[in-house]
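The feature region 'Disordered' is assigned by TrEMBL to 33-61, 573-603. As annotated by TrEMBL, compositional bias 'Basic and acidic residues' applies to 45-61. If you look up TrEMBL, you'll see HIS250, HIS254, GLU273 marked as Zn(2+) binding site. For GLU251, the entry in TrEMBL reads active site, proton acceptor. The feature active site, proton donor is assigned by TrEMBL to TYR339. The annotation domain 'Peptidase M1 leukotriene A4 hydrolase/aminopeptidase C-terminal' is assigned in TrEMBL to 425-570.
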Amino acid sequence: MQIPGSWPQKALGWGLGVCSVEQAPQTGLVHVEGQQKKKMPPRAAHSEGTETERPEGSFKDTCEHWPASGRGRIWWLDPELTYGNAKPFVFTQGHSVCNRSFFPCFDTPAVKCTYSAVVKAPSGVQVLMSATQSTYVEEEGVYRFHMEHPVPAYLVALVAGDLQPADIGPRSRVWAEPCLLPTATSKLSGAVEQWLSAAERLYGPYMWGRYDIVFLPPSFPIVAMENPCLTFIISSILESDEFLVIDVIHEVAHSWFGNAVTNATWEEMWLSEGLATYAQRRITTETYGAAFTCLETAFRLDALHRQMKLLGEDSPVSKLQVKLEPGVNPSHLMNLFTYEKGYCFVYYLSQLCGDPQRFDDFLRAYVEKYKFTSVVAQDLLDSFLSFFPELKEQSVDCRAGLEFERWLNATGPPLAEPDLSQGSSLTRPVEALFQLWTAEPLDQAAASASAIDISKWRTFQTALFLDRLLDGSPLPQEVVMRLSKCYSSLLDSMNAEIRIRWLQIVVRNDYYPDLHRVRRFLESQMSRMYTIPLYEDLCTGALKSFALEVFYQTQGRLHPNLRRTIQQILSQGLGPGAEPSAEQGGAGADSEVDPEAPALLLGDDAPGAAISLRDVNVSA
Ligand SMILES: [Zn+2]
């Protein structure tokens, strides 16, 4: 058995990695067996209106080793890369095609299986998986997991480390390192049950039993992953309350859209992401009101248009149905269009039926019909027209300019966008303040702007305001100087989602008096989402030597994969100004580049492939 380069020899003594599985007791780590329960007709079969039943059968196999040379998407973290610095940590990230390096599987979302796993771990190491059942025999140090519902391979997930639980609701608990547990608990206690209940009222019963959340160290390469029964989320987001809320609600929504009903092909990821984003916003509307939901939507659509500018209106990745070329990692086709153009299409469908509640009823029926299977877009659209025969009669799918086919296959912005006027009480002040800072003469406008207290604003308002300034950068030096005088200290005391935006403004405007804040931020942030955008901006501008200096001081505390990506940025100086290619178009649930990943999965491990949703300042 070979171990990853980043995994010290001593870690072998930790013991996770030796499992008493029957076929390969010396080398096995995880024993996975599955039963192919469900079938997904290929698209061609659909067009004929028939379903192709694949023979039911089972497979049983044993992982005889972790992936050769540690390649693949199993992330081994030395203790220094955790918060507690006490024990090593390991997690998997299967989305989208990485679990083939974890266990033998049909690594396609079209195939769903139940699974069982046996994991042996030393005392004191908690192992969790995305499963409905788990048992632990302490004397043997053996965990047994079983997922009773069929899931696609990418939703099989494992995490192990110094994790402790705390209940936050009748069917939910958080798992986190001990030093993080009180914060995680206080931020989510009671809330998750409220969101689950709201989702159940809208879309029917929650079908996965428990909804637990595990907080991962900053090395977790994405923000959150909707693993069934056990959402994975990065700890770095804990301080940014509103982002935490949205990210968790989004993953809750995936329980219905994505996990229960799954896109059968990676070319239609919008089916999961667009519907989950729509459901997430129905949940936030029910729970926090329309104004907040419209603000969050405006913030994201603003980012969508920013990404459009970066990619160009004719970019093939701005289609909902993207073309997956051989050898391309499907995750690299994910971008804000997958989420927000997908959302706009679903919202448009809801408008066609004239009443969001009737549309909720439709989605509930859709989930009931297709749960635990994988679908193509035509399934959704056929179901929609069957549920609303009056719309079918009116041929709404063929309305000039708004044809369903055009929604799916045209490049460019959404054909229609939602009415966000209910959020104007929150978005109007942002617009007004931005106008003041870009008005002439500056003296008068800046004085008026300075009189506006933004300290009580919602995070999404401040983030939207800063994104607008970032869009306009470089700004006149006089404006940057006054902005700094007015906001720098205040923003420095706010959460990381706000701080990074302000610091990007500092960097893009070469504003040296605030550079010490950039240094302090990079010294304290070890996650990809908060380091890569700043390094890219630093290297695009005149501050590359500053970036190098900070990197050499902090690199020892970065995960080797992140270290390598930053090294590539430093050596090539690629930044947001670079022309993004299709592969660079951004990513969502799997936006990182692991330079160790096999070429099969990632033939595109240039630093440009690391361009993520962060380029447009959103997480997903
Ligand atoms: Zn999602």
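Cβ atoms are placed via backbone N, Cα and C, with glycine included.
Remember, it's a predicted structure, so these values are computed and weren't measured experimentally.
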Note to self: Suppose you look only at the domain 'Peptidase M1 leukotriene A4 hydrolase/aminopeptidase C-terminal' (425-570); what would the mean pLDDT be?
What the structure shows: 95
Margin query: Validating a neighbour-count step here. Other CB atoms within 10 A of the CB of HIS254 (Zn(2+) binding site): how many?
Written below: 27
Item checked: Counts by DSSP class (helix H/G/I, strand E/B, coil) across the domain 'Peptidase M1 leukotriene A4 hydrolase/aminopeptidase C-terminal' (425-570) -> 116 helix, 0 strand, 30 coil
Check: Hey, which of the recorded positions GLU251, GLU273 is the loneliest by Cβ count within 10 Å?
Finding: GLU251
Item checked: recorded positions close to ligand 1 - of GLU251, GLU273, TYR339, only those whose C-beta is under 6 Å away -> GLU273
Notebook entry, point to check: In angstrom units, rounded to an integer, how far apart are the Cα atoms of GLU251 (active site, proton acceptor) and GLU273 (Zn(2+) binding site)?
Noted result: 10
Notebook entry, point to check: Around TYR339 (active site, proton donor), how many other C-beta atoms are within 10 angstroms of its C-beta?
Noted result: 27
Margin query: Roughly how many Å lie between the Cα atoms of the residue listed as 'active site, proton donor' and HIS254 (Zn(2+) binding site), rounded to a whole value?
Written below: 12
Next item on the list: Take the Cβ of HIS250 (Zn(2+) binding site) and count every other Cβ within 10 Å, whichever protein chain it belongs to.
Entry: 25
